[in-house]
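Asks: Supplied in structure tokens, the structure appears directly below.
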Amino acid sequence: MTVVAEIDAAPAGHGLLRYAAAKAGGALLSIAMVVVATFFLFRMLPGDPVRALAQGRNMTPAQLDLERARLGLDKSIPEQFLHFVGQTLRFDLGTSYEYKRPVLDLIGERIGPTLLLTGTALVMAVSLGIWQGARAGWKPGSRFDRFSTAVSLVLWSVPTFWLGLLLLMVFAAGIGPIPGLFPTRGISSVDAPDGFGYVLDVAHHMVLPCLTLVAVVYAQYLLVMRSSVLDEVEQDYITTARAKGLKDDDIRRRHAVPNALLPTVTLVFMRIGFVVGGAVTVEAIFSWPGLGQLFYQAIRVPDFTLMQGTFLLITVSVILMNTLADVIYHVLDPRVRSV
Amino acid sequence: MSSLTWVRRRRSVERFWGDFRTRKAGMIGLGVLVVAVVLALIAPLFIDAGVTNVVSGTGEKMAPPSLDAPLGTDESGRSVLLMIWWGSRTSLLIGFLAALLSMVIGTVLGIAAGHFRGWAGAIVLRVTDWFLVLPSLVTALVLAAILGGSTATIIIAIGVTSWPSTARLIRAQTLAVEARPYIERSLALGAGHWHITTRHVLPNVAPLLLASTTLEVASAIVTESTLAFLGVSANKTSWGTMLRGSYDWGAATAGAWWYILIPGLCIVLVVMAFTLCGRALETVLNPRLRTRAA
């Protein structure tokens, strides 16, 4: 018995390695495409970038030339391209015009709050979406199902920023008899205490941004999980489980949900780009000092070096997440392995 | 084209409409859409762009709803109602055109990826997958910020970032259609790429495209408002730029609920109408969904 299992497992293991290698190669190609696209995108800027940078500042032509040389804009496009690729490979994302500091340092400072906010929101949205979606899909057409579908339809139609504004108006600014319960901006108060008090203060600041992000992303997880469970309900093994006399709840929890979970969880990672978009919006509204806000500020100034650096980082991380999801799916789901 | 084909097509449209009419949610969505589009189209008969002019605001600043301004006023004393009416033109125009652009790119590349086997199709598919992974809102923000925020560039930014899912859908459909025997017959009779894709594949994917476009308009309107809110849109009044104004002028802390609530509700209403319509279309056109929706 064990021998048979080993024989079966061996080629599968090799297949996985080959699969992972192929996916990693694909991801590398995608990242290379992102780097090339970024270079040309940011050289498409209409007009003279130096003049745009110098807007509103008194600069002599000599100073402008100096600035041009400093940014490497006096060289030919192929030279600029090689320089850009070399810099990017050394993780040198240039210096922010607005902050006068290396972009990578700025990103390093901002990455923590973003991971905290999106991580928390993602865990909450995924658990809630999967739980509700599984119950809704199990009894299609039931009152719970109709309610869930309606809720997700409404949330899907609500722009993230508008939901944030509403929450800001009702729970932060306070309206009518409701006092302002939560802070309107930032990650912590100026006079926040140390230690545990600080943690509480940050949590207090995180309630509204987190709620906004959860509400917006959870709807699609619900819908995906619902249709995924719906697929399972019609399967023969569910009928068998019923025939064995298992309780309805047990069939759902132990048979249908685990099988429906796989496609859903992968999709969670596949659509991480959507979450990133939501995070940018939420961070902008609640002045959450994360990557999204950094990106938003870079667009507002506009600070093109900073925009380029954050754009590169965001896209590359999304690509890596997707590749990881592909490989994990391959490991977890034996059904796709033979394909 | 023979008249027989047309008779057959007219019958199928009639059958389709008869089926669509029975879907209550879809009909409600369609009703809301027709009202919204008609209102946007007839707006110039009653008002002009002057209602969005900062100096033309006659009312009190940030005044709550009253008889003069039924939906209150904004930071310059302009009527929110009139601004929304005029702004609906920009919001809907961008929504429709961006969805159209996205559909055209998605259809052309989707059919190409499905029709051409070998390296050409593989490259198109590879590019599609690459675009599919990119975080679309972030990419659209960068595009709009770089190209400047005119109406045309916003349309391009949304269209260029939202086509990949359509392309995948159309590619799958193309593969399914081209596996049918009549394509082989057509090939045997000497049909070329152009004939097969435009005369056989396109008519077959067209109904699906309709449903997909309707849903795409919904998400294009949301994206437009988000781009405008995040400040990459030039100052042409749309529902998104109004909400940007409400945020900039602290309407939330000032308790000016009408300035935040009304433009947002308009977005939600129109987007939901498009979504309901699109879902009803999908259900009518896709027999697999029909049995499930129950």
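Just so it is clear, glycine is given a Cβ too, placed from its N, Cα and C backbone atoms.
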Asks: Tell me which of A:1-22, A:111-132 corresponds to the transmembrane segment entry in TrEMBL.
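Replies: Transmembrane segment, as annotated by TrEMBL, spans A:111-132.
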Asks: Give the nonlocal contacts of the transmembrane segment (A:111-132) in its own chain as ranges (CB under 8 Å, at least six residues past its ends).
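Replies: Counting only partners 6 or more residues beyond its ends, the transmembrane segment (A:111-132) has Cβ contacts under 8 Å with 148, 187, 202, 206, 209-210, 213-214, 217-222, 224-225, 257, 261, 264-265, 268, 275-276, 279, 282-283, 288-292.
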Asks: Go through the chain and flag residues at least 6 beyond the ends of the transmembrane segment (A:306-332) whose CB is under 8 A from any CB in it; none is fine as an answer.
Replies: 16, 19-20, 23-24, 26-27, 30-31, 34-35, 38, 42, 88, 93-94, 96-99, 103-104, 106-107, 262, 265-266, 268-270, 272-273, 276, 291, 294-295, 297-299
